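Here is what Swiss-Prot records for this protein:
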ACT_SITE  Tyr202  active site, proton acceptor
BINDING   50-79  NADP(+) binding site
BINDING   Ser189  substrate binding site
MOTIF     308-312  motif 'Di-lysine motif'
TRANSMEM  4-24  transmembrane segment
TRANSMEM  182-202  transmembrane segment
TRANSMEM  271-291  transmembrane segment
Amino acid sequence: MESALPAAGFLYWVGAGTVAYLALRISYSLFTALRVWGVGNEAGVGPGLGEWAVVTGGTDGIGKSYAEELAKRGMKVVLISRSQDKLDQVSSEIKEKFKVETRTIAVDFTLEDIYDKIKTGLAGLEIGILVNNVGMSYEYPEYFLDVPDLDNVIKKMININILSVCKMTQLVLPGMVERSKGAILNISSGSGMFPVPLLTIYSATKTFVDFFSQCLHEEYRSKGIFVQSVLPYFVATKLAKIRKPTLDKPTPETFVKSAIKTVGLQSRTNGYLIHVLMGWIISNLPSWIYLKIAMNMNKATRVHYLKKIKKN
């Protein structure tokens, strides 16, 4: 009987310690959620980081919404995209609506010999924020060897989704380091958090963006540079082929308004509270269950797309 008492006391303290630990974890999570999603970092994102914001893929979707949000905060904006007509249109809209200076650089990010032109276009600008947004996905989910024009898709997707992030960072980061301030926002994807079969190349390139961002943040945070990996799930954009926004598929404007609050607070973010919850659920699933669900969903999307093409 006496020997059981110390054991009971030990178990009591183990239990009490576990409860206290869990209570602290929950309290910290709630505090962090309130700080990020309730208060945010509104004041920290703007001309205080530098006069200019540079946005790649800035004429549509998430990129355009970042450009507008940063212009709204008083930043001058450089838009970089492929179509000069679209660039002129969006540039004029931003200039007229937000009364800020804008510039445009027309390049095709599928090519590799564009960066001297971009370097010339950015020369002499005090760049406070770089948004590496330009991206490319599959036309539809497909098995790797059956992707139409596979050689070309591999080259284009690597150039757009990976090379552009590295080269744009190489161009802009030195000026930020020199001034000891700046932010680089790299738009990855929820597909970069976990493997997505039938979107294999896209998923892998977005994982690169996520890891590149995390590493770069650790390398340069002590120099005053904030690097963020943004990992959205579905947003109602042309790239995602979603026309009608819903609670879990927000408009680009809604997503960016939420995501920009996390700059300076989270170096890795889903950007939107519903997407955070989705990421938490997926991360707690056994990998075999998640992969089975992802595979079945994309197989169904593939079949639907191919049937539609066949009808047309």
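Using N, Cα and C of the backbone, Cβ positions are placed for all residues, glycine too.
Positions of Swiss-Prot features highlighted on the structure.
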residue	record	contacts (Cβ under 8 Å, 6+ apart)
Gly50	NADP(+) binding site	Glu126, Ile127, Gly128, Ile129, Gly175, Met176, Arg179, Lys181, Gly182
Val54	NADP(+) binding site	Val77, Val78, Ile80, Leu122, Leu125, Ile127, Ile129, Leu130, Val131, Met168, Val172
Gly58	NADP(+) binding site	Lys64, Tyr66, Ala67, Val77, Leu79, Ile80, Ser81, Leu87, Val90, Val131, Asn133
Ile62	NADP(+) binding site	Asn133, Ile187, Pro232, Val235, Thr237, Pro252, Phe255, Val256
Leu70	NADP(+) binding site	Val45, Gly46, Ala53, Val55, Val77, Ile129, Val131
Gly74	NADP(+) binding site	Gly46, Pro47, Val100
Ser189	substrate binding site	Gly135, Tyr202, Ser203, Lys206, Val209, Leu231, Pro232, Tyr233
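According to DSSP, the secondary structure content of the motif 'Di-lysine motif' (308-312) in residues is 4 helix, 0 strand, 1 coil. Cβ neighbours within 10 Å of Tyr202 (active site, proton acceptor), excluding its own Cβ and spanning all shown chains: 21. Same-chain residues lying 6 or more positions outside the motif 'Di-lysine motif' (308-312) and placing a CB less than 8 Å from one of its CB atoms do not occur. Here the transmembrane segment (182-202) has long-range neighbours at 45, 49-50, 62-63, 66, 127-133, 135-138, 141-144, 147, 153-154, 157, 161, 165, 169, 172-173, 175-176, 208-210, 212-213, 216, 224-234, 263-264, 270, 275, 278-279, 282-283, 287, 290-291, 294-295, 298-299, 302, meaning same-chain residues at least 6 beyond its ends whose C-beta is under 8 angstroms from one of its own. Fewest Cβ neighbours within 10 Å among the binding-site residues Tyr66, Val78: this applies to Val78. Under DSSP, Ile62 (NADP(+) binding site) is assigned to a helix (H, G or I) in the three-state scheme.
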